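These come from Swiss-Prot:
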type	residues	note
ACT_SITE	D13	active site, proton acceptor
ACT_SITE	H41	active site, proton donor
BINDING	12-18, 40-42, R304, 330-332, 412-414	GTP binding site
BINDING	D13, G40	Mg(2+) binding site
BINDING	D13, E14, G15, K16, N38, A39, G40, H41, T129, R143, Q223, T238, R302	IMP binding site
BINDING	V298, V299, T300, G301, R302, K303, R304	substrate binding site
Amino acid sequence: MANVVVVGSQWGDEGKGKIVDWLSERADVIVRYQGGHNAGHTLVIDGVSYKLSLLPSGLVRGKLSVIGNGVVVDPHHFVAEVEKLRGQGIDVTPDVLRVAENAPLILSIHRELDAMREGSNSGLKIGTTKRGIGPAYEDKVGRRAIRVIDLTEPETLRPKVERLLAHHNSLRRGMGLEEIAVETILTELTSVADQILPYIDQVWRVLDERRKAGARILFEGAQGALLDNDHGTYPFVTSSNTVAGQAAAGSGLGPTAIGYVLGITKAYTTRVGEGPFPTELNDEIGEFLGTKGHEFGVVTGRKRRCGWFDAVIVRQTVRTSGINGIALTKLDVLDGLEEIKICVAYELDGKRIDYLPSSMGAQARVKPIYETLPGWSETTAGARSWNDLPAQAVKYVRHIEELIGAPVAMLSTSPEREDTILVTDPFHD
């Protein structure tokens, strides 16, 4: 019985929410292992929509859900999201939700710093959600973060906050901002401590025990591999590692526990925020994809940039994340197009290349090299078997498999979880 890592293979927004929900019914434990509440996803169950950005998707199924140490946790958002789910009739208790005691916290100073940097006229605009994710990770690697476990030790919390503010207040002075008092942060933390502490645990131990007992573990990735801090389109990336390897480091369960990596892949390409996007379409086709695909961010509401499927970046992600198979989503959005293009390579300074270069300058200069395939007039929406798909749609899917070097394990044809074609069960050894 394999444990499964779900990772976005593009720039996020690939439709991971539905696939994770589909898989969570087969899983015993669902784990968030990176990111924060900056990337949202929507689950539709029995006609009810659940919008999550921090809590694992398994909660709506009553499965044990874990927030790993690789996640940065905004405690106030945590409480608000828990209460929102309870308001929708979901039972959220420590029996079904655990938070890593060594997870770092996002504080108000992180959110304010994030917004100040992004709103500045100087420097590079990355397109962050301004939710404090980046500054919180900075404090983590700077060894000055306040972690969840620190809330259990009030006697040592003050000196930790003092050390944290020694850094942040120096930044604030340089930006012309008023300094933050220690009492302000202490009050912020103590006001929410009683509401988050019942959920904390040594999640590495919990996961190890469940694995040894034969539980199926699903690792739920956020965002996409092209936003990875190392392997993405740097500096237009997020502040954590989003490739599949982070599932081990961000949960405390060793890499040998990972059995199958499923890459969630949209049948076309989208991106939110700034950064290179070789196949972006600023024309009526781009508008068609955005409108039909409802391409607006769950967290920010920002309109997503849209373009043709880019086999180069997905092929690269297949390698950097060790993807065994992909779940191809939103195929139905392409219904009705007379022809469909796929980017098979790039041209860089007159030369053909089959990879996305690392430098920002080169990424901005690459030009897509396309193959054109005939589209289809029939609908794929709601298809639940290969026989339900138009012949040209099947050819499109098969060609994607050839180009990226990975098979399609699942195919999604609508937001409804039942409209899914299963080719390979990721949980099956």
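Note: Cβ is positioned from N, Cα and C throughout, glycine not excepted.
Features as recorded by Swiss-Prot, highlighted on the structure.
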residue: G12; record: GTP binding site; DSSP (3 states): coil
residue: K18; record: GTP binding site; DSSP (3 states): helix
residue: N38; record: IMP binding site; DSSP (3 states): coil
residue: R302; record: IMP binding site; DSSP (3 states): coil
residue: L331; record: GTP binding site; DSSP (3 states): helix
residue: T413; record: GTP binding site; DSSP (3 states): coil
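With the fewest other C-beta atoms within 10 Å around its C-beta, R302 stands out among the recorded positions H41, T129, R302, L331. Sequence-distant contacts of G15 (GTP binding site), defined by Cβ-Cβ distance under 8 angstroms and a gap of at least six in the same chain, are I264, K266, A327, T329, K330, S412. Working note on the binding-site residues T42, Q223: by count of other C-beta atoms within 10 Å of each C-beta, Q223 ranks first.
Counted over every protein chain shown, other Cβ atoms within 10 Å are most numerous around G12 among the binding-site residues G12, G40. Considering only the recorded positions D13, N38, H41, R302, R304, L331 (GTP binding site) has D13 as its nearest partner by CA-CA distance. Across D13, E14, G15, K16, N38, A39, G40, H41, T129, R143, Q223, T238, R302, which the record gives as binding IMP, the greatest C-alpha separation is 34 Å. DSSP gives Q223 (IMP binding site) a coil state; it is part of no helix or strand. Cβ environment of K303 (substrate binding site): G290, E295, F296 lie under 8 Å away, each six or more residues apart in the same chain. Here T129 (IMP binding site) is compared against the recorded positions G12, K18, G40, H41, T413, and the shortest C-alpha distance is to G40.
When the alpha carbons of T413 (GTP binding site) and H41 (active site, proton donor) are compared, the span between them is 17 angstrom. Rounded to a whole value, the Cα-Cα separation of K18 (GTP binding site) and G40 (Mg(2+) binding site) is 12 Å. Using a 10 angstroms CA-CA radius around G40 (Mg(2+) binding site), the recorded positions that qualify from D13, Q223, R302, R304 are D13, Q223.
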